[in-house]
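Shown next, in structure tokens, is the structure this report addresses.
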Amino acid sequence: MMQVLLVTICLAVFPYQGSSIILESGNVNDYEVVYPQKITALPKGAIQQPEQKYEDAIKYEFKVNGKPVVLHLEKNKGLFSEDYSETHYTPDGREITINPPVEDHCYYHGRIQNDADSTASISACNGLKGHFKLQGEMYLIEPLRIPDSEAHAIYKYENIEKEDEAPKMCGVTQTNWESDEPIKASQLNLTPEQRTYLKSKKYVELVIVADYIMFWKYDRSLSTIRTRIYEIVNTLNVIYRFLNIYIALVAVEIWSKGDLINVTSSAYDTLDSFGEWRERDLLNRKRHDNAQLLTGINFNGPSAGRGFVGRMCQPKYSVGIVQDHSKIYLLVASAMAHEMGHNLGMDHDRIDCTCGAKSCIMSGILRCETSYLFSDCSREEHRKYLINKMPQCILNKPLKTDIVSPAVCGNYFVEVGEECDCGSPANCQDRCCDAATCKLRPGAQCGDGVCCYQCKFRRAGTVCRPANGECDVSDLCTGQSAECPTDQFQRNGQPCQNNKGYCYNGTCPIMEKQCISLFGASATVAQDSCFQFNRRGNHYGYCRKENNTKIACAPEDVKCGRLYCLDNSSGHKNPCQIYYIPSDENKGMVDPGTKCGDGMVCSNGKCVDVTIAY
């Protein structure tokens, strides 16, 4: 049954009829005018840099519903990576890439004083703009356009009049990564490697691409588009902190000359094209873990976005597409968090899934009463995905030099001048770290890390990442660091599985295992004659796609296209079985690096000599 992400028509509900005002979010009734008073609030250990325009920590006092509140804000120091870049294109098609200074930015996370469940995502670039949760309710704040005034409007989310529009939905219809063996709720049955992986912080290095329609939608203003993207990613950070995942914006690319792929009203075709472009082009220019296309196009039907499920870190499939469907960036950020959630193994919430709010991030319906929370179902699906797949790219911890803005003790990032950072003294759970100074306690060599045990480095030679099969190697602690060295594996092209295959990036891809993964333990590889269907160049058989056109396999490449299996389970008589679902046509293709002949492997849809491939 199709599962959809609906964007409901949110009707305004007013406790009383007040005057109306037009704000960036739209026409708003029942708003409150406030005058925030700023009070500098540097955390312990932080030193205000005289050249800074925006403080590392600030707090504001104002009233909500006539009652005073104090908003505590800390700069989102993990928002940008050290090598953050921005790319756009000149009218004559030249690519312009710059590395703008982002140390002194104006994007903050925060909380309301004396409200333990409060959250906030605020930009302080020109007044206060953003949203905060207070006593379980979501409020928006933005400056009023009154010259020489500090007046701001505060209003509840539901008090924005929405244009009447058809509901939207996410194009994802099912998960595709499920393993044969369910993961039990208890961690007692997990391997040491799995336990370590689950406990580790995760970092998603993100690229956001804005298409040509976005460029025109925002009056061809690069700065306006950048600001909108910054606001979205700042909110993404708040959302994913609840899963111990940190989002770092690596690059923004704006297709200001024209789209570099065929962006169409078909969400599926656009997602597929974007994934191909990422693998073919973007990854060769910019190191990153995940890319999201922000588009101004209206997709066919009610679709508002789409993402591949459980494919984080995979070159073509670690992508999502999101329609810029609302003036309210919080709604767009929630939709992007939803599609990235699919990349991280989460499906749509069922009716019995709960998060303690009216709506959850992976809910099939994106309601007016949006929240930052993932449901219990989403958390378990995400955990199961991490245990089964253990995607490695999101373990890359930013180096101290990756965070170039002035250090702030208590933001969970170890920055220049710090030895550890376990959060605020109230939240720190690391007995090796002094939360007040972000220095290790006397006698401690380390605070956390796979190669840290009871505040000491594990001895050299201790296995910190066991080998996962014959194409992998065990990685060992050095005795000089708390971190496990970079994952190493056997050289690509080394024979494996008794010469049934060749090692490829730490795995031994062979067709038989791929058939079992798709059809179950009784499946085997089909006869060679079945693979001749790959010469047809349609969805039943092809080798690769170029601009959404399926390219037929050459006779010598037929075993590098669609995988043909023999399903021996009862009731199946087709000797040439394929795995095909319209929502993910690429699922069921022969994996890269698979043996296609003696001394031959599949590479980009071709059967090539193993010595040439690697």
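A Cβ is built for glycine as well, from the same backbone N, Cα and C atoms used for every other residue.
Features as listed in Swiss-Prot:
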- 1-20: signal peptide (SIGNAL)
- Gln194: pyrrolidone carboxylic acid (MOD_RES)
- 202-398: domain 'Peptidase M12B' (DOMAIN)
- Glu205, Asp289, Cys393, Asn396: Ca(2+) 1 binding site (BINDING)
- Asn262: N-linked glycosylation site (CARBOHYD)
- Cys313-Cys393: disulfide bond (DISULFID)
- His338, His342, His348: Zn(2+) binding site (BINDING)
- Cys353-Cys377: disulfide bond (DISULFID)
- Cys355-Cys360: disulfide bond (DISULFID)
- 406-492: domain 'Disintegrin' (DOMAIN)
- Cys409-Cys438: disulfide bond (DISULFID)
- Cys422-Cys428: disulfide bond (DISULFID)
- Cys432-Cys455: disulfide bond (DISULFID)
- Cys446-Cys452: disulfide bond (DISULFID)
- Cys451-Cys477: disulfide bond (DISULFID)
- Cys471-Cys503: disulfide bond (DISULFID)
- Cys496-Cys508: disulfide bond (DISULFID)
- Asn505: N-linked glycosylation site (CARBOHYD)
- Cys530-Cys576: disulfide bond (DISULFID)
- Asn547: N-linked glycosylation site (CARBOHYD)
- Asn568: N-linked glycosylation site (CARBOHYD)
- Cys596-Cys607: disulfide bond (DISULFID)
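For Cys471 (disulfide bond), the spatially nearest entry among the binding-site residues Glu205, His342, His348, Cys393, Asn396 is Cys393, judged by CA separation.
Within the same chain, residues at least 6 positions away in sequence whose Cβ sits under 8 Å from that of Asn568 (N-linked glycosylation site) are Ser522, Ala523, Thr524.
Residue environment of Cys432 (disulfide bond) contains 20 other Cβ atoms, counted within 10 Å of its Cβ in all protein chains. Assigned with DSSP, the residues of the domain 'Disintegrin' (406-492) fall into helix, strand and coil as follows: 0 helix, 15 strand, 72 coil. Cα spacing between Cys446 (disulfide bond) and Cys455 (disulfide bond): 5 Å, rounded to the nearest whole number. In sequence order, Cys313 are the recorded positions from Cys313, His342, Cys353, Cys355 with a C-alpha within 10 Å of the C-alpha of Asp289 (Ca(2+) 1 binding site).
The Ca(2+) 1 site, placed at the center of the C-beta atoms of Glu205, Asp289, Cys393, Asn396, has further neighbours from the same chain whose C-beta lies within 8 angstroms: Tyr203, Val204, Arg287, His288, Asn290, Cys313, Ile394, Leu395.
Cys355 (disulfide bond): 21 other CB atoms within 10 A of its CB, across all protein chains. Distance noted between the C-alpha atoms of Cys452 (disulfide bond) and Asn396 (Ca(2+) 1 binding site) is 17 Å. The C-beta environment of Cys503 (disulfide bond), restricted to residues of the same chain at least 6 apart in sequence and closer than 8 Å, consists of Glu470, Cys471, Phe489, Gln490, Arg491, Asn492, Gly493, Gln494, Pro495, Cys496, Gly593. Counting other C-beta atoms within 10 Å of each candidate's C-beta, the recorded positions Cys393, Cys438, Cys451 are led by Cys438. The Cα of Cys508 (disulfide bond) lies closest to that of His342, out of the binding-site residues His338, His342, His348. Note: the CA-CA distance between Cys451 (disulfide bond) and Asn396 (Ca(2+) 1 binding site) rounds to 15 Å. Residue environment of Cys446 (disulfide bond) contains 22 other Cβ atoms, counted within 10 Å of its Cβ in all protein chains. Non-local contacts of Cys596 (disulfide bond) by the CB criterion (under 8 A, 6+ apart in sequence, same chain) comprise Asp557, Lys559, Cys560, Val590, Cys602, Cys607.
In the three-state DSSP scheme, Asn568 (N-linked glycosylation site) is classed as coil. In terms of C-alpha distance, the listed recorded positions Cys313, Cys353, Cys393, Cys455 place Cys455 closest to Cys422 (disulfide bond).
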